[in-house]
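Structure first, commentary second.
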Amino acid sequence: MLDPIAIQLGPLAIRWYALCIVTGLILAVYLTMKEAPRKKIIPDDILDFILVAFPLAILGARLYYVIFRFDYYSQNLGEIFAIWNGGLAIYGGLITGALVLYIFADRKLINTWDFLDIAAPSVMIAQSLGRWGNFFNQEAYGATVDNLDYLPGFIRDQMYIEGSYRQPTFLYESLWNLLGFALILIFRRKWKSLRRGHITAFYLIWYGFGRMVIEGMRTDSLMFFGLRVSQWLSVVLIGLGIMIVIYQNRKKAPYYITEEEN
């Protein structure tokens, strides 16, 4: 088992979980700022947004996690704020971040679709890296399996939990998000019929579908009417993504690649 603490500085413990999240954030900010001028968005506005959105998204992710495990946390109130032990729900962070983005874009007079489109691939790569925090914490894993011989030894050993090998669902989602990120980079450079909002829609559909499938492998999620709560939210994301494509096509939204860039 790998030590979840990366660096120990006296009483201060810096955990791999935090490093994975922060690394993903830094890379996401860099990529978003790099693409921002293409959509006539000031890069400094991206930094201003992150300073507001990131802490609120962390709070939203934790609140979502605590709410759906309230039976436990109502008896362990002191652990509600112990985010260093894990327990950040991505959907809670996404919902909070989207709300903050909408308000921020409105106040800065930035087109919300443009902001979402340049942020979507960055969010995907941040999620891909962030999932490795679950790996170090030995959480968000799947059902038991006979062996994991197809995986590198360090992953196989870390996924040996409570006397059994577990499906490395963190890895599946990380790779799925990485592939989605790569596809978006290709689409937004090569697909000339890509309209404003289409990248956001692709993110919602791609992530929603992958999460719905992978979530079915997990054993630690809350069930609701035969599906896990996260799977229901995945269905919502997929439906929302499809609606965005239809809506933007019908209103003939501007193309992502402008005539000046062709």
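Using N, Cα and C of the backbone, Cβ positions are placed for all residues, glycine too.
Sequence annotations record features per position, and here Swiss-Prot assigns transmembrane segment to 9-29 (among others) based on sequence analysis.
According to Swiss-Prot, the feature transmembrane segment maps to 41-61 (among others).
Positions annotated as transmembrane segment by Swiss-Prot, on the basis of sequence analysis: 80-100 (among others). Tertiary neighbourhood of the transmembrane segment (80-100): same-chain residues 13, 15, 17-18, 21, 49, 52-53, 56-66, 68-69, 73, 116, 123, 127, 130, 133-134, 137, 139, 230, 233, selected by CB-CB distance under 8 Å and a gap of 6+ residues from either end.
If you look up Swiss-Prot, you'll see 109-129 (among others) marked as transmembrane segment.
Per Swiss-Prot, transmembrane segment is recorded for 167-187 (among others), and the stated evidence type is sequence analysis. Distant neighbours of the transmembrane segment (167-187): 120-121, 124-125, 127-129, 131-132, 134-135, 140-145, 148, 151, 155, 159, 194, 198-199, 202-203, 206-207, 210-211, 214-215, 217-218; these residues of the same chain sit at least 6 beyond its ends, with a Cβ under 8 Å from one of its Cβ atoms.
Annotated transmembrane segment per Swiss-Prot: 197-217 (among others), in sequence order, evidence recorded as sequence analysis.
According to Swiss-Prot, the feature transmembrane segment maps to 226-246 (among others), an assignment based on sequence analysis. Residues of the same chain lying 6 or more positions beyond the ends of the transmembrane segment (226-246) and with a Cβ under 8 Å from any Cβ of it are 68, 89, 91, 197-198, 200-205, 207-209, 211-212, 215-216, 218.
By the count of Cβ pairs under 8 Å, the stretch nearest in packing to the transmembrane segment (197-217) among 9-29, 41-61, 109-129 is 109-129.
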